[in-house]
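As written in TrEMBL, here are the features:
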- 55-97: repeat 'LDL-receptor class B' (REPEAT)
- 98-140: repeat 'LDL-receptor class B' (REPEAT)
- 141-184: repeat 'LDL-receptor class B' (REPEAT)
- 277-311: domain 'EGF-like' (DOMAIN)
- 349-391: repeat 'LDL-receptor class B' (REPEAT)
- 392-434: repeat 'LDL-receptor class B' (REPEAT)
- 435-478: repeat 'LDL-receptor class B' (REPEAT)
- 479-521: repeat 'LDL-receptor class B' (REPEAT)
- 569-608: domain 'EGF-like' (DOMAIN)
- 651-693: repeat 'LDL-receptor class B' (REPEAT)
- 694-736: repeat 'LDL-receptor class B' (REPEAT)
- 872-909: domain 'EGF-like' (DOMAIN)
- 957-999: repeat 'LDL-receptor class B' (REPEAT)
- 1000-1042: repeat 'LDL-receptor class B' (REPEAT)
- 1043-1086: repeat 'LDL-receptor class B' (REPEAT)
Amino acid sequence: MKFNTNCFLFPGPEPVLLFANRIDIRQVLPHRSEYTLLLNNLENAIALDFHHGKELVFWSDVTLDRIMRASLNGSNVEEVVSTGLESPGGLAIDWIHNKLYWTDSGTSRIEVANLDGSQRKVLLWQRMEKPRAIALHPMEGKIYWTDWGNMPCIEYANMDGSNRKIIADTHLFWPNGLTIDYASHRMYWVDAKHHVIERSTDSKYICELFPLPGLPHPFAITVFEDSLYWTDWHTKSINSANKFTGKNQEVIRNKLHFPMDIHTLHPQRQPAGGRNRCGSNNGGCSHLCLPSNKTYTCACPTGLDKFLLFARRTDIRRISFDTEDKLDDVIPLADIRNAVALDWDSSERYIYWTDVTTDSINRAKWDGSKQEVVVDTSLESPAGLAIDWLTHKLYWTDAGTDRIEVSNTDGSMRTVLIWENLDRPRDIVVDPIGGLMYWTDWGANPKIERAGMDASNRMVIISTNLTWPNGLAIDYSTERLYWADASIKTIEYGNFDGSGRQVLIGSQLPHPFGLTLHEDRIYWTDWQSKSIQSADKLTGLDRRTLAENLENLMDIHMFHNHRTTVQTPCSVNNGGCSHLCLLAPSPKASSCACPTGINLQADSKTCTHGNADNFLVFARRTDVRMISLDIPYFADVVLPVSVEYFHAPAGKVYWSDSTLKKISRANINGTEHEDIISTGLMTTDGLAVDSVGRKIYWTDTGTNRIEVANLNGSMRKVLVWQNLDSPRAIALFHEMGYMYWTDWGEHAKLERSSMDGSDRVVLINNNLGWPNGLAIDKAGSQLLWADAHTEVSRIEASDLNGSNRRTLVSPVQHPYGLTLLGPHMYWTDWQSRSIHRADKDTGANTITVRSNLPGLMDIQAVDRARALGFNKCGRRNGGCSHLCLPRHNVTSCACPTGILLRSDGRSCDNLPETYLLFSNRVSVRRISLDTNDHTDVYVPVPELHNVISLDYDSVERKLYYTDVSLDVIRRVNLDGSNMETVISQGLKTTDGLAVDWVARNMYWTDTGRNTIEVAHLDGTSRKVLVNNSLDEPRAIAVFPSKGFLFWTDWGHIAKIERAYLDGTDRKVLINTDLGWPNGLTLDYDTRR
């Protein structure tokens, strides 16, 4: 470093002092004390620097343990470094090579990264205690820092970490702030304990004390031209003095919150003339190019080639073997609650982990990018994980479901491998070279087992002297299996068949958990000693501690790039398999498997198309799942549809969503998703599909109706609307022409009617509480239902007419959905969060099919092999023009809601004869006066925003309406077709509209413009009729045969007026005893 005493004054913008204030970052003009806020609502901003060329500010937050950055105007705030920090107290920007350097007194490191936090590297860690302030001289390739440790000092090194030297190590105590005066080649620092500012004065770094009294607690310092500026914790101020003499002390700003780091924001503090040693091509380096004294060094991010990966419940860390100190750092992953098992795949550089709180298997790149959930359904306690790196398969154990499963590494094609005789399986390892997998089991009879990776040739290899067999590891070179037992407190090994068992380590192992091998060492985690240790894998000697004081240590693995790769039978054409190709031991070498619920065909290669023949489909509030009944275990698979109450005929699944107020359908594979009913629903609690008659029936406890429609939602009709008080479950017996439903109302009951709503009869109305699920046993001619709110919740049965009532299962907790298949009944239970099964005739042999399923709703059983049966309406729709509905022994024709059947008993009109039309801002609806149900039916008009007024032209059968959000008048056919805008300009608030069906004109009031206008029905020949003495015109009506126009006025003096249809002969009819005269209509018969 070269020194002189000259100071150069540079022209340019006025300097600004940029400083951190814990809760915000502010700017102050030193000579005018003007004070502006740059960033606020911060937690604990300490260190600070900027990049003038890129207009960025960087800061560290020691409460959040983050390094952040933002634009210099305060926008675009983002995290740069978010993991592996403990107390980042200093940071500095290399504005020439675009690097970020920081100190961390918690981890005792100096690190470097790109400006976005990528390619992070631990630069200096040895002989480092509490590094604090940091400053860079990128023109000379130097880094300077202070250290607060037991041996306080100021040091420097090249910016690649080489050639490290001490500048000062005497008469220092708390060396805090540090700054470089690039113009005069001097360095200044403050010591908070000695209350001084010091500087280096020559090339031997001789320090001299400034004559600056009254520095209670200086923290950070910066320089510009002739002045030094520093922050002081005690006085909570920013101060300045002459940098040569220390005189002319003044307070720039006081009464600050908590001033921390400070910098002079000016282009001369980051001179542009320095040479970029890395040039335009990053020095030819693949990753980091770091400047050195005269040249540069290529460097790799820490942990790029080999690192020890370990889980710690709430984070996943790595210990890089690139640095001698073996320091750990956190991989930046989001939302880790309880990580237990780990593995990795070097080919795609992914790490995988299980989380036993979120019950999920996840993966991310080793640097934390591309994080995603791989499996998150039907997991309860996934405690073991293993990667087959040859065929890219994921194997895992689940101690909650007592299963071992496999899938592709992206979670697809998941299947259950082993489900019998497992009792809390724990760890699992695979040997794809030998085609074998090994696992530990913690159950009543602890053991270690092995099987082919296709589950073949299963055998117990160790079953004695085991209590809590935890971690497993394979040594591929010596063909040994290692395991740790947390109860016996040993690490042992044996041959792959369990023979040759030896204790490797039998002392000072308080609670070993995870285990891994690499080269000649064995590594393990220990819960009780809270440490990671290693030893020689052959002798157990040469024990070393890699890390200590680490709570909640779990699994451990060594990530490296040297796993053995060989050709496998699965490498060519997927082993001939249509789905999964799984490795197996010789001579078989591989076998084919199918995803859960699908069977392998006789060729042992191909999986059956589609789903199983017999399966359960059940709804949770957030998803729909399927359980195949064709395979010897119960495993649920999530279907790609989201439902609440539903029915699943063989082809499609139908569901209702009470939040979205819709009924939808899709194929079971999720394709052809469509909403079939999206209006007029409130709480659709029951749904039944007549697969034979091609109809859908539903109950609605909000509207107290039972309705029917075609499977596509067309020809919708209200069947039952009287004396309903909360209809819930519904079931159909097409062959008999009956529908059955439960009613939860004040007087709970179970009713039956024909499927057209006629012949209604109450079957049971005593001793019912909350009759939930309902199912018809056609073969046994009985009715079954679940009651969740009687004295004792139970499942009951009766004959189809309600007689011979009997209890099948009691007590049950809170049964909800109920369905039948074969000799069994299945039901969902809200309280036990389970699906149960029992014999449908006796209620005996109750078992739990699946548990741990919160939010369970409806359930349906599907038997694809069962014949649909004879459709009574099959031939020519039963002769009906619209709906053909079964009745007992016959069929009946019916019309959509509000439309009467013609006298021929078979055909319907398209519209009711007499009906009301009304709007509720976002919809237009129709209520027929021809039928007694008076149900409102949505008129399918598109693009409604705020419809206020409407009228109907009976000649052309068109609806006219005003939309005050769009300020338009439109017309449309009553089937929603041919919508057109007839008036699109010059409207403000069109509150009233009237059609003159004789003269083919329309009239409207505009409250916003206080006018009454007229135009032809197509919007042409528009004319203002009345625009004076109108205060707030509202409703309007016409009497074409008499040539009169009537309207109401809401204004200061409310009134009702009349004029001729051309606006002449205007007359006030009523102007007393009126408040807000709203609606207006004419009785043409009585002329009122």
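Quick reminder: no glycine exception, Cβ is built from N, Cα and C everywhere.
On a predicted model such as this, the values are computed, not experimentally measured, just so you know.
Beyond its flanks by at least six residues, the repeat 'LDL-receptor class B' (349-391) meets 83, 118, 301, 303, 307, 309, 311, 316, 318, 331-343, 397-401, 407, 409-411, 414, 425-430, 432-433, 437, 439-440, 453, 555, 559, 563, 565-566, 568, 570-571, 581-583, 623, 625, 635-638, 850, 852 of its own chain at Cβ-Cβ distances under 8 Å. Residues 910-911, 917, 919, 924, 926, 939-951, 1005-1009, 1015, 1017-1019, 1022, 1033-1038, 1040-1041, 1045, 1047-1048, 1061, 1080 of the same chain lie 6 or more positions beyond the ends of the repeat 'LDL-receptor class B' (957-999) yet place their CB under 8 Å from a CB of it. Remark: secondary structure over the domain 'EGF-like' (569-608) totals 7 helix, 10 strand, 23 coil, with classes taken from DSSP. Summarised as a single figure, the pLDDT of the repeat 'LDL-receptor class B' (349-391) averages 94.
For the domain 'EGF-like' (277-311), the list of distant contacts is 94, 96-97, 99, 112, 114, 119-123, 138, 140-142, 158-163, 317-323, 328-329, 339-342, 344, 351, 353, 366-367, 514, 516, 523, 525, 532, 546, 553-561: same-chain residues at least six beyond its ends, Cβ to Cβ under 8 Å. Across the repeat 'LDL-receptor class B' (957-999), DSSP assigns 0 helix, 21 strand, 22 coil. Sorting each residue of the repeat 'LDL-receptor class B' (55-97) by its DSSP state yields 0 helix, 21 strand, 22 coil. Same-chain residues lying 6+ beyond the ends of the repeat 'LDL-receptor class B' (651-693) with a Cβ under 8 Å from its Cβ atoms: 610-611, 617, 619, 624, 626, 639-645, 699-703, 709, 711-713, 716, 727-732, 734-735, 739, 741-742, 755, 774, 858, 868-873, 884-886, 923, 936-938. DSSP states for the repeat 'LDL-receptor class B' (141-184), grouped as helix (H, G, I), strand (E, B) and coil, give 0 helix, 23 strand, 21 coil.
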